[in-house]
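Data block below; observations after.
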Amino acid sequence: MELEFLSAHMHNPPFFRGIFSSFYPVPTTRLIICPNKPKLGKFSFNCFSCAAVQQVVEPNYPSVEKKPKLQDSLKYGAKKRFFDVGDGDFVEKNSKFQDSLKYGAKKRFFDAGGGAFLIRDKKRGHKWHSEKLKEYAAELRLKEGKALHGEMIRSGVEPDSHLWVSLINFYSKCGDLSFAENAFELITERDVVLWTALIAGFIAQGYGRKGICLFRDMSGEGIRPNEFTLATVLKGCSMCLDLKFGKQIHAEVVKGAAFSDVYVGSALVDLYAKCCELESAVKVFFSMPEQNSVSWNVLLNGYVQAGQGEEALRLFLKMSDSEMRFSNYTLSTILKGCANSVNLRAGQVIHSMLVKIGTEMDNFTSCSLVDMYNKCGLQVDAMKVFLRTKNPDTVAWTAMISGLDQQGQKREAVKLFCLMRHSGLRPNQFTLASVVSAAADSVDLSCCKSIHACVYKFGFDSEECVSNALIAMYMKLGSVFDGRRVFSCMSNRDIISWNSVLSGFHDNETSYEGPKIFRQLLVEGLRPNMYTLISNLRSCASLLDASLGKQVHTHVVKANLGGNIYVGTALVDMYAKCGQLDDAEVIFYRLSEKDVFTWTVVITGYVQSDQGEKAFRCFNQMQREAIKPNEFTLASCLRGCSRISSLDNGQQLHSEVIKSGHFSDMYVASALIDMYAKCGCIKDAESLFQSMGSSDTVLWNTIICAYSQHGLDDKALETFRTMLGEGILPDGVTFIAVLSACSHLGLVKEGRRHFDSMKIGFGITPSFEHYACMVDILGRAGKFNEMEHFIQGMELAPNALIWETVLGVSKAHGNVELAEQAANTLFEIDPKAESSYILLSNIYAAKGRWADVSKVRALMSRQGVKKEPGCSWVEIDNQVHVFLSQDASHPRLKDIHKKLEELALRVTAAGYIPNTNYVLHNVSDKEKIDNLSHHSERLALAFALMSSSRNSTVRIFKNLCICGDCHEFMKLASVATNREIVIRDINRFHHFSHGTCSCQDYW
């Protein structure tokens, strides 16, 4: 007897038990007949029939009368030895229960260990277990299903083919594919149904490639697929876009005459549609013997996914003509097509159909309607549909939040998310990704961090789409290291993750990180795309590193993106900012397509390289090609006019600004004011500033700097006070202009007060430019001791700019000793700087120390430094005329000299006496006077007087500082000619009028 029970207990294969048995606890709800220490006494098995025993051991199929009948069949004493555990299950309390069983009955019981006995009824037990597994699979109750499987193992149930399928289906649907595969490996005889169950399980969980591999294994064992197998494998091919293998399956379908199956046909249509072979999808669809709603929906969805919304609509009309009943899914698919193609009219027709059939308020269709109206730009209608939806679910809320985000209504999207949270609904990863995207442009950093905390709260911090949105959010807000931390915590990073983190490292302070991240991306085996390369090129442009940019350029060529307009624009920008305009031009003219941004980039490159003429020619060519300039194009061109002082071109651009409606743009307005100021028209600049309805810090800085450069230093300080009064906060540029004005006016105390207020009052850390301004204030006032103490107490180590300023004030005061100290320091810092040699040489020349002058000139020669020749230029009738000192190249030179002699007589009559101290050459007095009379600015003045109208202002521009003698000559010339003469030298503007200069002889 014991051997029989042992044999029954060991009936299942030991390998099967070894894998599964240890994972399952013994369930508490099984039918157990367990012995107890008291003996049976007079009670024997004969007190109940075999039928009664069967009623005890099959609790799931009891009739209402079975429990009472069992109890009635037990004598009063026997009843005490059983207790009812519910659902018709009874437990026996006698350790010698097996002795009370007849030999035939023993075979129907199984010793489960520990004195517990289970009945085995193979036929009905399989059915019950299969149904239970099906129930657990539907409810995804993995734990209960595993417990049931454990009971099957312990009870010695030998699964048949149907039960094996149930087990595999259960584990597959619950997502435990390793157990499904292990169970499958234990089956000795596998048929097509078992193979299909395992293949379907993997594909249903998103493992299309694994499903294909299993299908190959099945074919290797010589098992022919059925229609369901083929349809399932085709779904796997669609999932991983394996068109090549899908076509092989198509051949199997044709060979096996399975094409008549509508599900196989639908799977084929789906495969070709998802692999963007819509022609093949259409051929398969219309060659099918019959079509059902699934096949129609598959083809419709294919057209929509391919962005062919109009074709989808035409197919929908055919579907309507065929009297095929369409579902909510069909109408939702068409609405997606209308949304993608922005076909509002068709979308409204579908909306009316939904109203007609009464499914408008359905969550599924209302989401599609919200999406359609949002993408068609009708957020009000989208909101109406959303508000009419009864109890909108998370998907509906997400559709509305995403729509507001995509249409730029970022703040409204964030508010709607807050309402969703108050409604008690739990957001999903798509909701959070949308609200994170919206928050980046609409709220502050603290609010964005609160949303990040919300992401953690709901456990979506490991979702790629949410993490990518968080990285992009932090990068937009400038919190790049927070974004980097999110990136570092990601376990799976796609190319979007890398692009998001790269997008933040473009500015001057953090751009060095961009190339490092790019190299890491390549090491990890990812292929850079268009956005990766653009971000890295922007980093190289910020670093001004052309060699690194050229390496990125090679990746552009490898990726075959050289002709891409966006990548091409980034390349032009990189080369232009790195000063390699020849390379920028080559790429620019190779581009087959150029938009306004491409043109703006190359124009800006010319402007930054001081090639204003080329910039304006490029602007004219752009207009000839019918490309309308935007505000950035106009601002760049205006900056170019400022740099070359081209008033005529600047005025043409001013008219273009008014015509295009960009006058209210702050950057364009500030560029216009700067252009007029740099071209010597300070009154026009002032009028423009006063006409602006609103102004920002940049605009105020522009006019304050303009006043300071034109010698209107009192106005500059007054404007600064007005700026503060209107609540506009100054920045570092503002204080450079203010300190320059204090220097020109000799306001030492006020300059010191403004310098101290930078850090204390406004939290601005002084830069080298601010320290240089303060050195200039003290030096021009002759306070050399204070200046020396100030330099020694600087928080920054003195650089070339500081010592150049010291050298400049030494020249103004003739302090040779201090000049020599500053010059020697400059020779060490930058031995190639021309200005240091020229200033020291001029100081020696002014003192008559010609031997020292010769030494400095010889030192210049040894260092290979050449002096830039002084030149002046004047613009007449939109043409620039350039003059050099002692120039003999101008075609009207004789007329110019004649006019200059005539002017010299009138100026001499007004009291002009040549000051030969400003001739820094060791020559005779006669030669000195002749040299002075032919300085370039006097030649330019004579030509301007000859060529311009009598009442116009003469505007002359000079590349060096005007000498004292010419300064005196121009003052008297303004009286002799009754004309205003404006000269811009390297330092500032001089407005000569009625015998005085705006600089008050302090420059």
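Positions of Cβ are set from backbone N, Cα and C atoms, glycine also.
Remember, predicted model here, so these are calculated numbers, not experimental data.
Taken from TrEMBL, the feature repeat 'PPR' applies to 191-225, 292-326, 393-427, 494-528, 595-629, 696-730. Residues annotated as domain 'DYW' in TrEMBL: 911-1003.
Nonlocal intrachain contacts for the repeat 'PPR' (292-326), taken as residues 6+ away from its ends with a CB within less than 8 angstroms of a stretch CB, comprise 262-263, 265-266, 269-270, 272-274, 276, 278, 281-282, 285, 333-334, 336-338, 340-341, 343, 346.
Residue counts for the repeat 'PPR' (696-730) by DSSP state, with H, G and I taken as helix and E and B as strand, are 26 helix, 0 strand, 9 coil. When the repeat 'PPR' (191-225) is classified with DSSP, helix, strand and coil residues number 26 helix, 0 strand, 9 coil.
Beyond its flanks by at least six residues, the repeat 'PPR' (494-528) meets 464, 467-468, 471-472, 474-476, 478, 480, 483-484, 487, 535-536, 538-540, 542-543, 548, 552, 555, 559 of its own chain at Cβ-Cβ distances under 8 Å. Averaged across the repeat 'PPR' (393-427), pLDDT in this predicted model comes to 85.
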